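These notes concern the structure reproduced below.
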Amino acid sequence: MFRHAFSKSSPAFLAGGSAIGGAIAGLMWSGERNTSSSTACDSSEPSNQSVIGLLQELSRKVNNLESLVGGNPGSFPARSTSSVTKSGTQYGIDIVLGAQWGDEGKGKLVDLLSQDYDVCARVAGGSNAGHTIVVQGKKYKFHLLPSGVLNPNATCVIGNGVVIHIPSFLNELDSLEASGVDYQGRVYISDRAHLVFDFHQEVDGRQEDRLGRHKIGTTKKGIGPAYSSKINRNGLRVGDLQNWDHFERRFRELCTHHERSYEGLKIDVDNQLAFYKTVAERVNSMTIDTIDYTNKQFEAGKRILVEGANATMLDIDFGTYPYVTSSNPSVGSVLTGLGVSPGKLRGIYGTVKAYCTRVGEGPFPTELPLDEGTPGEHLSQVGAEYGTTTGRTRRCGWLDIPQMKYSALINGFTSINLTKVDVFTGMPEVKIGKAYLHNGKYLSSMPASLDVLSNVGVEYEVLPGWSEDISNCKKFEELPENCQKYILRVQELLGIPIRWIGVGPNRADVIDRGEGWDLATAGTNQ
């Protein structure tokens, strides 16, 4: 836990810097001394041996430094990115991200964590995202709102990186209010967030239909076309509604542009404008400069939680392009979609389903058939694998370690939230995809080529399953032995602490190992 609090201004950091500096200086001095005493006739072997010895000495010094700053040199070196207020209080922005292809269970962890946070934020995507939260047997479905809205003491921020379809957003608020949740005065929208219009959604559907069997598999929520308008610099932002004449002029121009670009597209401009004029006051009452607000909340020492949407493998840059979303659901979106600096980030929590699922098209190396009586059917049926947004049946497969390592490399996860472990109950065996092979050779990195990724072989490790119900387990040691072995093996393969373990669908069905659980304490009760 000391590492999480480790500050650049601390004595340990200064001492550590001196230790590293001394080790490097010693290495340089020794190298110079050995060089000056050698001759052209000296063989290379003694020189190589001396370099090895020097490197070993440097390694020992670095290990000593690790012990100094971390307390336990055998523990997993968690990142220390928390900031310190003038009063000495440590704080930072924590992030929950999807580590696979989405639908990992991010919303549940956000709901669990958000009870202790002051601000919950969304930073990317739009109503194509979907989170389902179960509280006291009651289901709440979120698409644009952060799941943290269920915490009555938290304010919710929709950042500038999100694209917002106002009708869907207002319907979501009305549905929430009808469920007895009071959101008034707690939901803020960035004035810089771009708008999704109905014609964006129609264009989205047309583009998918035009692609035929090569379709991307989008949700047809207009996300891609809205981001296209943003990049083309002709889009409208939420803040534009604060100046009606400006909004009306720009909206008419955008409609004309789309009607000229898409044959047969007809937009009822006057009807659309009438709707936005009706809701403008309501939207404007929630519209603020969220960049200024969020940073001021940070400086005031407020705890901030970012809820990621979609997932890394759907990232426009890092995902299985072109079968991706149109935004960056990886860690970079927190900076660009909320307007905060990197030094303000603290915990980066990767949410990983115990098996893989995917909605839509694209490569899926560990995919299983969903035929009756197969492991794939078990995962699909027991896991209720149907999209929150689309209702489509999700594709299912075994956990994919190469994909997970790639995701961890990009995001720098400090802890893992392993969800839906309970779905494995009743399976005689479970598998973990350990490595990719292509043309008989192991791949050392995630291939960018879809042709390669679609044709990789997967090397699996088979572990025994379990039959016991784990939904009532509250501690790690209460889990069946085979379940524990599975979790520990995944942790070992990833090299990242698994802090949270999902054992059921309800809000409380989570084992939290606590912040101090690292690789050195695996298998012990914290």
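Using N, Cα and C of the backbone, Cβ positions are placed for all residues, glycine too.
What Swiss-Prot records for Asp103 is active site, proton acceptor.
The Cβ neighbour count for His131 (active site, proton donor), using a 10 Å radius over every protein chain in view, is 22. For His131, the entry in Swiss-Prot reads active site, proton donor.
Annotated GTP binding site per Swiss-Prot: 102-108, 130-132, Arg394, 420-422, 502-504, in sequence order. Neighbour density for Arg394 (substrate binding site): within 10 A of its CB lie 21 other CB atoms from the protein chains shown. In the three-state DSSP assignment, the secondary structure recorded for Arg394 (substrate binding site) is coil.
Around the Cβ of Asp103 (active site, proton acceptor), 29 further Cβ atoms fall within 10 Å across all displayed protein chains. If you look up Swiss-Prot, you'll see Asp103, Glu104, Gly105, Lys106, Asn128, Ala129, Gly130, His131, Thr219, Arg233, Asn310, Thr325, Arg392 marked as IMP binding site, on the strength of sequence analysis.
Here Swiss-Prot flags Asp103, Gly130 as Mg(2+) binding site.
What Swiss-Prot lists as substrate binding site is Thr388, Thr389, Thr390, Gly391, Arg392, Thr393, Arg394. In this view, Gly391 (substrate binding site) is surrounded by 9 other Cβ atoms within 10 Å of its Cβ, with every protein chain counted.
Reported as a whole number, the C-alpha separation between His131 (active site, proton donor) and Gly105 (GTP binding site) equals 7 Å.
The least crowded of the binding-site residues Gly102, Gly105, Gly130, judged by other CB atoms within 10 A of its own CB, is Gly130. DSSP assigns Asp103 (active site, proton acceptor) to coil, not to a helix or a strand. Within the set of binding-site residues (Asn128, Thr132), the lowest number of other Cβ atoms found within 10 Å of a Cβ is recorded at Thr132. Taken residue by residue with DSSP, Val421 (GTP binding site) is part of a helix. Here the candidates are the binding-site residues Thr219, Asn310, Gly391, Arg392, Thr393, and by Cα distance the one nearest Gly105 (GTP binding site) turns out to be Asn310.
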